[in-house]
């Protein structure tokens with residue numbers, strides 16, 4: 001692992017990069033790319049980056065966080081991507097850059113590089129976003145989903161049953177997303193709206209690329225999902241199987257199970 | 001007229017009932033509004049010195065209190081809504097105590113804090129003469145959906161303002177409103193003196209809507225610039241004039257900025273009657289509003305209640321208070337008034353609390369807060385979700401040192417009531433007599 005350090009002057013180390021204890025000898029370096037932290041990271045998406053960076057370190061790996069802004073260069077060997085939700089104006093601001101790095105992202109996704117895309121970036125990773133007025137904005141096509149602008153905004157707690165157990169978050173989106181036949185969802189909605197509020201699916205998953213509407217932010221309260229992404233990234237970075245450390249997830253488990261219990265109770269009552 | 005009188009009577013009766021129950025309710029306002037929908041128009045329509053609306057995400061309550069104090073110190077009779085009741089019904093509720101049966105408010109100037117959404121509802125029935133627009137930050141996105149939406153609400157309010165607006169030159173969401181005002185509306189600015197701005201932490205959200213950098217005009221003689229001298233003392237500069245140096249009873253940079261905003265608006269409203277000396281004396285005497293840096297004597301040691309409700313506010317609060325480590329509790333609720341989404345906690349850096357640690361986290365989302373702190377390696381002494389038990393524990397385990405509680409709105413209200421009952425403080429909504 002070399003060559004990533006100072007040559008990309010347009011990339012800046014992120015705030016999420018700064019702290020955390022080193023845990024013994026490093027098992028390897030993971031390059032984590034945060035796509036558009038300025039334009040596409042409201043609703044606490046920075047928390048997912050903080051969580052990934054913190055957990056990677058606690059698992060005994062080194063991590064470098066790359067803030068990718070419009071116009072900057074991606075690192076040579078990215079191992080993990082995180083993209084968040086933005087406002088409509090922010091989405092407009094990143095489209096050009098996203099088109100410029102689209103081929104690279106598609107290639108990395110095919111190679112199995114893990115990516116977590118939430119809300120606005122999830123929509124842009126799909127085939128298209130069709131506005132309320134009927135205008136079609138093309139997406140990257142990495143996930144086989146299509147999103148339509150909707151008059152109704154879907155806001156509230158969201159619980160999803162996934163292969164990593166029950167995952168909890170907070171959704172806040174007006175886009176209504178539909179999966180193409182054959183596209184796997186992230187999971188089934190147990191409380192909240194999910195992709196579109198009608199078919200009971202939430203998110204989409206292809207290989208190691210996950211798109212979803214789970215803010216919250218999703219990862220700190222849902223360590224199994226975070227570790228699944230980290231495992232794939234670590235394997236990609238080192239060429240060896242993931243060697244997890246022993247992490248204490250008591251607080252995350254308490255936060256998650258309590259919030260899930262509250263939301264499921266409300267969902268049953270209504 | 002008969003209908004207004006009936007509304008005043010019904011509202012006053014409801015107010016007595018609400019106060020017997022413990023007060024602080026918007027219900028009396030609702031009653032009066034039901035009886036006479038034109039109540040507000042009638043009450044405020046002819047206040048001679050103007051109707052000033054204060055809005056924005058952070059600092060409304062403090063700024064409103066400061067502005068009202070400065071104007072009152074100049075001999076004006078001021079009506080204000082001093083309790084943070086920033087919905088239209090809350091405004092009516094606060095009127096009912098002092099309004100005569102005619103329903104026409106007996107005041108020279110009205111200074112009203114209104115939240116972004118209700119400011120617009122208010123402007124539909126009463127045209128504000130002046131608007132002071134503080135800032136736009138991510139807050140209650142579960143209600144407003146986007147930060148851009150909040151910015152639009154404030155721009156519409158400014159468009160409906162008749163005489164003059166005061167805008168924050170450092171917040172580009174607010175500064176851009178300059179371009180959308182009605183004809184003949186005067187604009188004044190407040191902000192941080194550019195000479196010192198670089199030494200201060202970033203206080204405002206990035207405005208990602210436009211690719212061009214916003215150029216704010218150089219400050220004119222009527223624009224107020226904050227010049228901090230040290231952690232407590234500051235001056236507000238207007239061209240060659242100066243209000244200061246002075247110290248507030250409320251600590252921190254946020255309060256200094258609020259004072260700068262309030263002074264700039266007071267100068268606009270008072271015109272040539274404005275006196276720098278009178279403003280200075282008034283500002284120095286203003287006590288912090290409930291729960292906003294308020295210091296309570298709790299059993300011989302101070303207990304500070306600091307309201308936090310969004311990343312910008314929490315970051316500034318930590319910058320103000322974090323440097324003085326004390327026994328700290330963080331109480332996070334997620335009711336409607338708090339914002340139901342607690343994601344924003346991840347947009348705040350808590351590293352300043354690392355050395356001393358946090359004694360307790362509490363509130364409905366107490367575990368989420370403890371989890372958040374763990375990612376900044378801040379040690380947490382314990383989690384006690386119940387606010388009363390948490391307060392007991394904080395007081396019992398830290399009897400001989402100052403204590404501080406950062407809390408969201410509903411957690412603050414509950415804690416303030418518990419503390420009022422224990423230590424004989426004024427009840428919420430009775431601040432004027434305190």
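Each Cβ is built from the backbone N, Cα and C atoms, and glycine gets one as well.
Under the heading region 'Disordered', TrEMBL lists A:1-21.
Annotation comment: TrEMBL describes A:1-14 as compositional bias 'Low complexity'.
The feature domain 'CobB/CobQ-like glutamine amidotransferase' is assigned by TrEMBL to A:33-221. Confidence in the domain 'CobB/CobQ-like glutamine amidotransferase' (A:33-221), given as mean pLDDT, stands at 93.
When secondary structure is read from DSSP and collapsed to three states, residue A:119 (active site, nucleophile) falls in the coil class. Under the heading active site, nucleophile, TrEMBL lists A:119.
Taken from TrEMBL, the feature substrate binding site applies to A:153. Spatially close to residue A:153 (substrate binding site) yet at least six residues away along the chain are A:172, A:173, A:174, judged by Cβ distances under 8 angstroms.
All chains included, 27 other C-beta atoms sit within 10 angstroms of the C-beta of residue A:215 (active site). Feature annotation from TrEMBL assigns active site to A:215.
Residue A:119 (active site, nucleophile) is 8 Å away from residue A:215 (active site) when you measure Cα to Cα. Checking the recorded positions A:119, A:153, A:215 against chain B with a Cβ-Cβ cut-off of under 8 Å leaves A:153, A:215.
In the structure as shown, the Cβ atom of residue A:119 (active site, nucleophile) sits within 10 Å of 25 other Cβ atoms.
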